[in-house]
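**Student:** Quick one: the structure is below, and I'll ask about it shortly.
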Amino acid sequence: MDQSPSFQQILDAQSKAIILQFKHWCKFEVFSFQFWLLLAMLIIPWIIWAKLVDKKRLAEIFIYGLLVVTVVTFLDEFGCQLNLWEYYIDIEPYFPRLIPMNFSMLPVWYMLVYQYACRWKSFLLANFFSAAFFTFVGEPIFVALKIYVLLTWKHIYSFPIYIIIAILLKALTMVIMKKYRQAQE
């Protein structure tokens, strides 16, 4: 006899989870200290970025940033779905996980490194130190603040991923920009 849940059973369970998630968010998350911290982390980096971004390279830098948003959001959602980690607190109850990190802190930081570390050597070095900071300082702070909880994941696993994201997306952005410039000639 097949013990697999039906599609309807899965939908019913998801509906119940959505209701529980919203109730939890209303009771424990919204307007907490962590909520306000995350809201600031969503807004402030973009204000800084707007002041610092090289307007002559805006399209190129923004393409890189959009690629970062896409990849980190996908990886974060994937990790949460596999129960590798989860978030106690977020600024909203439904959308992709930890919006301030995926849509602001990480992409803005990656874009600034991309802008200021133009040569590969300086880019790799800057991203090595950035990955070390995110992995060994940022993530543990989020754990201590009860924003982020590691289920089966370990901080050290994040270190190479931060670096690989930077390298692959810089290479992809360079290819895109080369094709774009060739098409303009």
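Numbering starts at 1 and runs along the chain as it is shown here.
Here the Cβ of each residue, glycine as well, is placed from N, Cα and C on the backbone.
Quick paste of what TrEMBL says about this protein:
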type	residues	note
TRANSMEM	30-49	transmembrane segment
TRANSMEM	61-78	transmembrane segment
TRANSMEM	98-117	transmembrane segment
TRANSMEM	124-151	transmembrane segment
TRANSMEM	157-177	transmembrane segment
**Student:** Give the nonlocal contacts of the transmembrane segment (98-117) in its own chain as ranges (CB under 8 Å, at least six residues past its ends).
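**Tutor:** Contacts with the transmembrane segment (98-117): 38-39, 41-43, 45-46, 48-49, 52-54, 57, 61-62, 64-66, 68-69, 72-73, 76, 87, 90-92, 123, 125-127, 130, 134, 147-148, 165-166, 169-170, 173.
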**Student:** Under 8 Å for C-beta pairs, could you tell me which stretch among 30-49, 61-78, 157-177 has the largest tally with the transmembrane segment (124-151)?
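**Tutor:** Stretch with the highest Cβ contact count: 157-177.
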**Student:** Where else in the chain does the transmembrane segment (61-78) make close Cβ contacts, counting only residues six or more beyond its ends and a cut-off under 8 Å?
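**Tutor:** Distant Cβ neighbours of the transmembrane segment (61-78) are 53-54, 96-98, 101-103, 106-108, 110-111, 114-115, 161, 165, 169-170, 172-173, 176-177.
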